[in-house]
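Novice: Pasting a structure here, questions to come.
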Amino acid sequence: MRRGLASSISLRSSAIARGGVSVLPRMAASSPLHSTTSTCLCARCATATTLPQRSISTDDKLKDEMLRMRESYNDLINGNKEWVAQQLEKDPDLFKRLSAGQSPQVLWIGCSDSRVPANVITGSDPGSIFVHRNIANTVVHTDMNLLSVLQYAVDVLQVKHVIVCGHYGCGGVIASMTNNQFGMVDNWLRNLKDEYMLHREELESIPNDADRAKRMTELHVIEGVYNVCRTSIIKDAWERRKSANVFPHVHGWVYGIHDGFVRDLNVSVRGPDDVPLLVRKPVNPSKC
């Protein structure tokens, strides 16, 4: 044993003496540290193999996405410039007149859906519609945002009409008819769920899901009209103008994204005497 160890030391010393190149025989391939199928464990190789490798395709996708983001942003800026030029061509004094103040005839309570812009779908000019929008055009007496808008529109701007406008295919309405959870918005949809329970018998008599959602959309608008009329803001306005022309009038519309037309639900309230007639009655929507 001692003779073998001495021989090994002698061989190693000879290798160092010949320039540091070992002439020791390699360990067997079956050694777990030098298996021909294992990855090299030296520090340099380990560092090289653990560096994150981003594929070219991932880089390209990221660049494309950033490019699309910038293009969509620039489109807004360029679109505004084109719009200003078009408006000035039609009416050189438009912006001078708008800067002097606003006197809209209509308060629009609509859905936040990007496909239902009030001015666009009614072909109205800037300054003609005062707009409030939220998810599913919901009117509740605890919404200070909506109530503030309503009071300003009625008492200061003295609008002649308040329009509650929903739209078929409303995501908020459809979501409220399920048991799914969507996070924070569930608190808001609670209002619609309560309305669904109020009309449950009628709604669940409709076998088709799409038709049921359409009817729920209409009923939700009618509830919105009713809730607007029940606010102290509207009731006080009607009381003050009792001897004169009573306004504002409150209307219920539904917009059809599929064809671009608005439907009058024929539930307009022109004063306090009309409110008792608004008993969530069946409606026959008519295109305006």
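From the backbone N, Cα and C atoms, a Cβ is placed for every residue, glycine too.
Annotations in TrEMBL come from automatic prediction, not curation.
Found this in TrEMBL, in case it helps:
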type    : residues                       : note
BINDING : Cys111, Asp113, His167, Cys170 : Zn(2+) binding site
Novice: Just name the winner among Cys111, Cys170 (the binding-site residues) by count of other CB atoms within 10 A of its CB.
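Specialist: When each Cβ's neighbours within 10 Å are tallied, Cys170 leads.
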Novice: Quick one: which residues besides Cys111, Asp113, His167, Cys170 have a Cβ within 8 Å of the Zn(2+) site's Cβ centroid, in sequence order?
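Specialist: Result: Gly110, Ser112, Arg115, Val116, Ala136, Asn137, Gly166, Gly169, Gly171, Gly172, Val173, Tyr255, Ile257.
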Novice: Helix, strand or coil for Asp113 (Zn(2+) binding site)? Use DSSP.
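Specialist: SS state of Asp113 (Zn(2+) binding site) = coil.
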Novice: Helix, strand or coil at Cys170 (Zn(2+) binding site), per DSSP?
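Specialist: Assignment for Cys170 (Zn(2+) binding site) reads coil.
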Novice: Same-chain residues six or more away whose CB lies under 8 A from the CB of Asp113 (Zn(2+) binding site)?
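Specialist: Those within reach of Asp113 (Zn(2+) binding site), by Cβ under 8 Å and sequence separation of 6 or more, are His167, Cys170, Gly171.
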Novice: Please give me the CB contact count at 10 A for His167 (Zn(2+) binding site), counting all chains in the structure.
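Specialist: His167 (Zn(2+) binding site) is surrounded by 25 other Cβ atoms within 10 Å.
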